Structures are given as C-alpha cells and as structure tokens.
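Inspection log for the structure reproduced underneath, given as structure tokens.
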Ligand SMILES: Nc1ncnc2c1ncn2[C@@H]1O[C@H](COP(=O)(O)OP(=O)(O)OP(=O)(O)O)[C@@H](O)[C@H]1O
C-alpha cells in the first residue's frame, strides 16, 4: 500500500481511537540493515499516541534512527524495550548430539569470536562488541579462550583479580565495566598456560566454560584461541555455540586464514553470522587523512565468497588501543568518539542477524544473501 494512503488510514483510525492494523502493516514495511524485514507486528503495541515496542534483541538506537527518518512515525512517542530471545534447542544441532552438554541455566546465546590469523584484533573486537551490547542494556559475559595469551584481565583493567568459588566449587566470574568475564589469567600464573598442549588446553577451556557460574546472560562471547587447528575444532564441537563471527584484517594473508575459520565452523554445523573487518583503515588524528594501511576490500570479498554479511569495518584507532592496553572503561575515555558508534552499529547488526536465525519466515541474512556492505564485489587489493 502506498505510504500516502496508509498515512490517511492511520490518521482516521487514530481519530476514532482504534488501533490501526494499517499502522502495524506500515511498520512492517520499514526497512533498514538492522530490520531487513521491518518491525514485526508482534513486537508492537499501540496505545493512543504511544507505540510500545518489545524487541527480541537490543537495538533501540537503530530503531530510533529508522523512526526519525519517517515523517509519520516520528509523530508518535516510542517506548522501546527488549527481551532477548535464545535460539531454541531444536534449531541448534550442536546441542542435540549425545556428547553435547547443555548450556548453563540462564545463558541465552553463546557467540564465538574467531580469527584464523593471530593479532588481527579478535580480543579487541570481542570486548568492543560486548561493551556495545552492554551499553544497549543487554547482560553480557566474555570467556577468554585465548589460553596462550589471556588478554581479558588487561582489557578489563583487573589483572590482579583472582577468581572466587561457590561452595560447590563453581567459578564466579570477575566483573568490570558492567561485564562478566572469566579467563585463565584470573586463575593461575598466565605463563603456565604456554606449556599446555592441544587436548589439555581444550579440556581447560571446556572447564572454564562449563564450571563458571555465569549470571543470567543474554549473550556470552567466547574469545576463541587464534587459529583453525585441532584445539579450535574441538572447542567449536564441544561448546554449545549458537553462532560464530569471524574477525579479519583486509590483507590477503589474514583472509586466507579467515576462510579456514569459516569452513571450520560450517564443518561442525555452527552458523557463521558475520565478518568484522578490523583495522580497515587509519584516519590521521592530526589531519584526518585516511589510509588503508592493510589494503582494502578484503572483508567484503571474503563475505561475498562465503555469502556471509560484513557487519562492520573498524578503523585502526589510537584511543581504542590505548584504552584496551591500559584497561580503561571505553565508554568513559572514548565518550563521544565515533568508534563507539561504529561498534554499536556492528553489535546491533550482529544480534539482529542472530535473531533472524530463529525465524523460518524471515529470510536469514546468514549464508543466503551476499554482503550488503559497501564496496561489494571488490577484490582485496594485493598486499
Ligand atoms: N581497531 C584497532 N585499533 C587500534 N588498536 C587495535 C585495534 N584492534 C586491535 N588493536 C590492538 O592490537 C593489539 C592486538 O589486538 P588483539 O589482542 O585484540 O588481537 P588478537 O587477534 O586477539 O591477538 P591474538 O591472536 O594474540 O589473540 C592490541 O594491542 C589491541 O589493543
């Protein structure tokens, strides 16, 4: 129905004091990256001039931006809340096997953040996403799976914290900046981990995952160990991972490793719901000149090859590096910086993609659509 006609219907129905089905229909016709199928009628309740929304994932800023662009909808008051929906067990092949252990009570979704190659910023991206979702009102935890170089305690600014245990010997996660975290770095001398070998390392991580008493969490991120070897494969198989995100830099060398990561998850039936291109470019803080230090277009090329959407292009950012390495609260030291908006946009797209996995009637963004990000079809530059 054309917009003008709907507008008239809605005005009439409001004058009559009745809720307009046309308005719900109209909301469904709105489209954005985060809401590719519009606003679903069962999310909305219209009472007089107020539209109450219960989103199944945290994305209030994306919805506000959508509403702001729309002359008719911006005339309403919007009351936006969310209640995160877990992926049902029947849609999770990883939880159905005889060996698979169930998710802990209260953890709704487990998202693995992986990279084929080390040093691409996987831990930085994990923390950035977790922080962004927490700022959007989600309850978020991080499991530091990088046993050979646990970086979570440094990034959360609590290197001296040690784990405490419940009476039945469950580990209680450490809390910082509104996030829960667990890492071998809190448990022992981190240097001990460097001598661990494959099966031992994988058992340690399983234990860290299953024997932590997480609170009720909407999202638990696992910062996977770098690489695509046996350790990573075993973990992807044994941990109840809802979906995976692959981090890469634009370079060819990183892309080749990221491809292996995507294949690895697919092999064990874990959907890869997005790629994040980190260190996409550098913007000089003195003159603003942008330089693609590690090449260009790699993330999009990878996404197109594997039909996985690119969720974000994160720049090399001096302030971010400083904050992470000094364990500072990103929201405080980067307040007003566009990097936080970039991270939040990516996080909203990520949880929207995760939600779309739940619904047969919604076209999943996962593995069926080519990337919608800019520079589509461009090949990575030779670096
Ligand atoms: N976008 C970015 N801008 C600036 N610095 C970054 C960015 N991403 C990561 N870094 C910095 O790069 C370094 C490596 O990042 P990080 O530890 O997250 O990589 P990783 O992929 O997890 O490494 P590993 O393979 O060792 O686990 C850190 O000092 C981090 O703060």
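The backbone N, Cα and C atoms fix where each Cβ goes, glycine too.
Just so you know, TrEMBL annotations are computer predictions that nobody has curated.
Listed features, source TrEMBL:
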type    : residues                               : note
BINDING : 116, 117, 118, 119, 120, 121, 122, 123 : ATP binding site
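Most Cβ neighbours within 10 Å among the binding-site residues 117, 122: this distinction goes to 122. Long-range neighbours of residue 119 (ATP binding site) (same chain, six or more residues apart, CB within less than 8 Å of its CB): 226. For residue 121 (ATP binding site), the count of additional Cβ atoms within 10 Å of its Cβ stands at 22 [all protein chains shown]. For the binding-site residues 116, 118, counting C-beta atoms within 10 A of each C-beta gives the highest total at 116. In the structure as shown, the Cβ atom of residue 120 (ATP binding site) sits within 10 Å of 25 other Cβ atoms. Sequence-distant contacts of residue 123 (ATP binding site), defined by Cβ-Cβ distance under 8 angstroms and a gap of at least six in the same chain, are 144, 146, 151, 152, 155, 223.
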